[in-house]
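Note sheet for the following structure.
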Amino acid sequence: MAFTFAAFCYMLTLVLCASLIFFVIWHIIAFDELRTDFKNPIDQGNPARARERLKNIERICCLLRKLVVPEYSIHGLFCLMFLCAAEWVTLGLNIPLLFYHLWRYFHRPADGSEVMYDAVSIMNADILNYCQKESWCKLAFYLLSFFYYLYSMVYTLVSF
């Protein structure tokens, strides 16, 4: 049983992957909250309720934006660690999501410093559906990755 840099990478990745799973679960809950608030017909004509709904939507979008850069950074750190540890299969499994994160980050709205999740555009049903599907796909990826990292960590520790 040997403790190598690859084993350390897998251990750190397990902890960080658990945090990414919680980030994505929070995204799913937030999008469901937005969808429910969007479809709620109660008090549609009440201006006070409309202001309250808008403030709630802006608050949720602000919290969503705060999780984007940490999620992308943590996943980039995964890829960098696996590159340094020469874990090519694991790096190959993570590269597609890394490229998607880079594409998504560099194709953010050009009108400001907002990464994404604008309060006005997120209430478009198509964008909301897309964001929710994206979150479910990321949850599946991170869950499968978590168990792959767990297996790889044990294999790396036992094989030497």
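Backbone N, Cα and C atoms are what each Cβ position is placed from, and that goes for glycine too.
Summarising the annotation, Swiss-Prot assigns topological domain 'Cytoplasmic' to 1-10 (among others) and lists sequence analysis as the type of evidence. For the topological domain 'Cytoplasmic' (1-10), the model's average pLDDT works out to 87.
Summarising the annotation, Swiss-Prot assigns topological domain 'Lumenal' to 32-72 and lists sequence analysis as the type of evidence.
Marked as topological domain 'Cytoplasmic' by Swiss-Prot on the basis of sequence analysis: 94-138 (among others). Per-class residue totals from DSSP over the topological domain 'Cytoplasmic' (94-138), listed helix then strand then coil: 30 helix, 0 strand, 15 coil.
Among the features that Swiss-Prot reports, transmembrane segment is placed at 11-31 (among others). Among residues of the same chain six or more beyond the transmembrane segment (11-31), those with a C-beta under 8 A of the stretch's C-beta atoms are 60, 63-64, 67, 70-71, 74-75, 77-78, 81-82, 128, 131-132, 135-136, 138-139, 142-143, 145-146, 149-150, 153.
For 73-93 (among others), the entry in Swiss-Prot reads transmembrane segment.
Under the heading transmembrane segment, Swiss-Prot lists 139-159 (among others).
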Chain residues in Cβ proximity to the transmembrane segment (139-159) (below 8 Å; excluding those fewer than six residues from its ends, i.e. six or more beyond): 1-4, 6-7, 10-11, 13-14, 17-18, 20-21, 24-25, 28, 87, 90, 93-94, 97
